[in-house]
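Listed features, source TrEMBL:
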DOMAIN    8-263  domain 'Glycoside hydrolase family 65 N-terminal'
DOMAIN    317-711  domain 'Glycoside hydrolase family 65 central catalytic'
BINDING   TRP353, ASP354, LYS612, GLN613  substrate binding site
ACT_SITE  GLU492  active site, proton donor
DOMAIN    723-784  domain 'Glycoside hydrolase family 65 C-terminal'
Amino acid sequence: MERWILSYDDYAPEAEGLREALCTLGNGYVATRGAAAETSADGVHYPGTYIAGCYDRLPAEMDGRHTDNADLVNMPNWLPLTFRAADGAWFDPDRAQRNGRLLSYRQELDLRRGVLTRLVRVRDAQGRTTRVAQRRIVSMDDPHLAALETTLVAEDWSGPIQIESAVDGRVTNSGVERYRNLPGAHLAHEESTPQSDPELLLLRASTVTSRIGVAVAARTRASAPVERAHRAEEGWTGQDLTMHVREGVPVTIEKVAAVFTSRDRAIEEHGRAALSAAADAGDFDALLERHTLAWSRLWRRCQLSVDHVDVQRVLNLHIFHLLQTVSEHIVDLDVGVPARGLHGEAYRGHVFWDELFILPFLTMRFPGIARALLMYRWRRLPAARRAAAGAGHRGAMYPWQSAADGGEETQRIHLNPRSGRWLPDHSHLQRHVGLTIAHNVWRYYEATGDAEFLAEYGTETMLEIARFFADLAVYDRSTDRYRIRGVMGPDEYHDAHPGRDEPGLDDNAYTNVLTVWVLRRALDALALLPEDRRVELRERLALTREEITRFEDVAHKMYVPFHDGVISQFDGYADLEELDWAGYRERYGDIRRLDRILEAEGDSTNRYKASKQADVLMLFYVLSPSELDDILRRLGYGHGPGLAAKTIDYYLPRTCDGSTLSSLVHAWIVAHTDGDEAWRIFLESLFSDITDAQHGTTPEGVHLGAMAGTVDLVQRCHAGITTRGGTLHLEPRLPSAISELRLGLRYRGHWGIDLTCRQDLVRVALRPGAASPIRIRYADEDVQIPPGASWESSLQYGRTAPPAA
Ligand code: BGC
């Protein structure tokens, strides 16, 4: 059971933010932080509710400059529910704890069933003891429904009890301290009047500038006769239920909430839709049954197990939060993956390049979700084309931070809390986000064989991105090479060459090499299209023979900087100074935010060989050794077989893991050479959210890229899976801490591939009923496995057995 439960056995106000983020419940459409139902935003608690894709933009002043910010809106809070003995004070865990009256408090998240439970015993000032058991779900079955069931037992008293149940629309976006003096009031109040059905509450509001209508209806029922009194204020609607409790006899209050927006399909008006959904919903147990059934279907598709309980539990937690952010309920929505989930307001709910780390797990289990996320990008091709044209380029330039309309949402200044200074922010120069998108399209195609997607959307996306990068590359006659200037790589600690006024770096190796890869794959994708589609697409994009020749030329002559026998992060990196790592560690301890430390000292990370996160090393993460080797060889860069090892050894100690994505990438690439060290780094990455290793960032939202990436690491790196050319390549490398890894996968339309890796064995079985055999490649051998058959190979003896039915 431990592998399915996240639990806390106390009430710790200082840990509430973290627990709220980690106990968020959601279904892809909507998510609500695991805040206690009786609390509101007060510095300890932050009950946030977010609906996928619902952003609102407000004008703001930052450091005296006019700007505007699109926020993922904190929507009306459906949770509020509290109680009191009629003449006592409302239940408040903080006050009760301060007064020594919180007798016990346990919170438990059941990952398998998606249920958050709280068990509390509390005594009021009059000495009356009440036991509370509360269960909460956000339905994975019906994305519009959520429910809270509260059972109260008066342990040593009898008398009247009052319950307050409300919907609160007076919430603002104020969950992240450093954004707090920016405007966050995104909801305009519309309606909170009482309904003819006394059990129902309805609150309607709309977002201020994006004008999305939102309606939350709540139905509150009790297991005993009640008297109700309604109260409504602007932006708030609630009712008091008064009933009589008898000592030792439980009473149950059920609150079922329905959430709709004006963007939802198959409705006439969102308020009416919410009211009838709340009125017609079954009781808590009926909702729970359907909800757990939906989760059990999801878990069946997510089979991934290791014989290491602590690791398994966190992997389950990560899969759980991933599916709560991007479930099958997003397939009909137009949403991307917010880097911090629907779990908090960090990064304002924006979409970065993190889907690079998220899509592979989804593609091999829920290809429909992966496709929907790629469609989010395809729909924003026109915006990306406009951005490229605005910058004087051809093709599509995707924004580093994206929200509703695909415009650039990256802030232009940011605050260094250490120095109190506002600083220019050039991170929008991370053009590599476009390369990620093209890369994701191709990898999705490789893993699914979804030719229809490639023909209708994928190739166009890839070509337009390729076109932008081919245009960005400038031919340098003196070296007969193409160069890309004025960009940033993934490492955000380098945004300019020291001593230069204009921001941006020349020839970021990751960008240049991946550009070559994308140019080639874009042409491969074009070549794969049926003739008529190919002609039509070229015509539509006005893609001439000359432009294709340019693609080929850039892919043939791209410049890649090297120094000391390793790939340079960018041109001129070799001349940067070495940082006194030991000195800084000694002085500051945690130097993950080295940028802030140096800036506060009047210095800059730009001057040093010190990176926030994997940059050159990303190449070894996104490309297979043979892909990278092939690119460098064809570019004419001679290098020995030791390039990867040397480059990894060079950059690892020069990177301070200021992003959770960094240790994930490091764990992956080190796994090829040093299993034990890789496992150590993997554990760092795995436990980063559950322990809030970055000191205060997880309460503002989980790190979905690292969460999904760690799961994918077990899947693709430990099991050694790559998908190329219609063949599943296997090269398992189990860390010594694990003796067995089991995966259930989907690959190119084959449901139900069961893969088992042990230290001495690899076994693949294709469940019966598959339409055709699968082809796998293992240890230079090609094997076909027919449906219903299995194949295994003993690693110890290097023996393989023929497929056996
Ligand atoms: C990282 C980016 C990442 C973003 C959102 C930043 O700290 O440097 O690579 O995309 O967080 O997760």
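Each Cβ is built from the backbone N, Cα and C atoms, and glycine gets one as well.
A map of TrEMBL features onto the structure.
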{"residue": "TRP353", "record": "substrate binding site", "Cβ contacts under 8 Å, 6 or more apart": "TRP400, GLN430, HIS432, VAL433, THR436, PRO490"}
{"residue": "ASP354", "record": "substrate binding site", "Cβ contacts under 8 Å, 6 or more apart": "VAL337, ALA339, LEU661, LEU704, GLY705"}
{"residue": "GLU492", "record": "active site, proton donor", "Cβ contacts under 8 Å, 6 or more apart": "SER427, GLN430, ASP595, LYS612, GLN613, GLY658, SER659"}
When a 10 Å sphere is centred on the Cβ of LYS612 (substrate binding site), how many other Cβ atoms does it contain?
22
Taking the center of the Cβ atoms of TRP353, ASP354, LYS612, GLN613 at the recorded substrate site, which other residues in this chain have a Cβ no more than 8 Å from that point?
PHE352, PRO490, GLU492, SER659, LEU661, SER662, GLY705
How many other Cβ atoms sit within 10 Å of the Cβ of GLN613 (substrate binding site)?
24
In terms of DSSP three-state secondary structure, what is the assignment for LYS612 (substrate binding site)?
coil
I'm checking region-level scores; what's the whole-number mean pLDDT for the domain 'Glycoside hydrolase family 65 N-terminal' (8-263)?
97
According to DSSP, which of helix, strand or coil covers ASP354 (substrate binding site)?
coil
Taking the residues TRP353, ASP354, LYS612, GLN613 listed for substrate, what is the greatest CA to CA distance in Å, to the nearest whole number?
16
